[in-house]
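Listed in TrEMBL for this protein:
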BINDING   HIS95, HIS97, HIS147  Fe cation binding site
Amino acid sequence: MPTCTTEPMLPVKTMQDLVSSLNEAMGNSGLGEDLRTVRQVKQLMHSYVSQSDDWVQHAIYHEGSRYTRNLVDDGNGKYNLLILVWGEGQSSPIHDHAGSHCMMKLLAGELDEQLYAWPRDGALELRRTAPLRTNSVAYMHDKIGLHRIGNPSLTTRAVSLHLYSPPYNMCKTFDESTGAAVQSTCTAQKLTSLMASSQNYACSPGFTADPTMALPQGPAITST
Ligand SMILES: [Fe+2]
């Protein structure tokens, strides 16, 4: 059972500490409607201080690829903890989060978040652009809207830590000018499976839109 305390149950000094604490906090339930657990998990994410020695083995990236999504822990099926590596100037499409809770923590470099309202009549409305701050935790949910994350630097890569609960492999991506949505895959590559298969560290692509699965425009939604 998830606990209702608001203090970290273990000191979170390393990425492994964080994984252990996240598993303890979310137990068999993951994140749902219980906002106390959501706050507790956000606090755990916040309490971890980025140290590159902790995460460099997960920060797989191939020159010339799109940004990469690398699985750190699958949370026994209740969440996914990912490390994303962003090449210079790379950004995600505008996307939703399939109804899941999303938390993001900048570990290195720079990232900007562009927040959009759900489409109503055509083009998406950009509500704000804000930089993510190193070691702070940003929260996102479909109830807030849609967003795009991007690395504004043309000289430095960025690395970020993302938690999604419940985990998902499909979401919607949106065309900024028309608001049209397509179903897209957003899977992550698992480091251990790559090592076991003796392959080179292949890049795990970012969102891959399936052009055969055009969707109607998303529902109007009130921002929170
Ligand atoms: Fe996102």
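For all residues, glycine too, the Cβ spot is worked out from N, Cα and C.
Residues near HIS97 (Fe cation binding site) in space but far in sequence (CB under 8 A, at least 6 apart, same chain), listed by position: MET140, HIS141, ASP142, TYR164, TYR168, CYS171.
In three-state terms derived from DSSP, HIS95 (Fe cation binding site) belongs to an extended strand segment. Those same-chain residues not listed among HIS95, HIS97, HIS147 yet with C-beta within 8 angstroms of the centroid of the Fe cation site C-beta atoms are SER92, ILE94, ASP96, CYS102, MET140, ASP142, LEU146, ARG148, CYS171.
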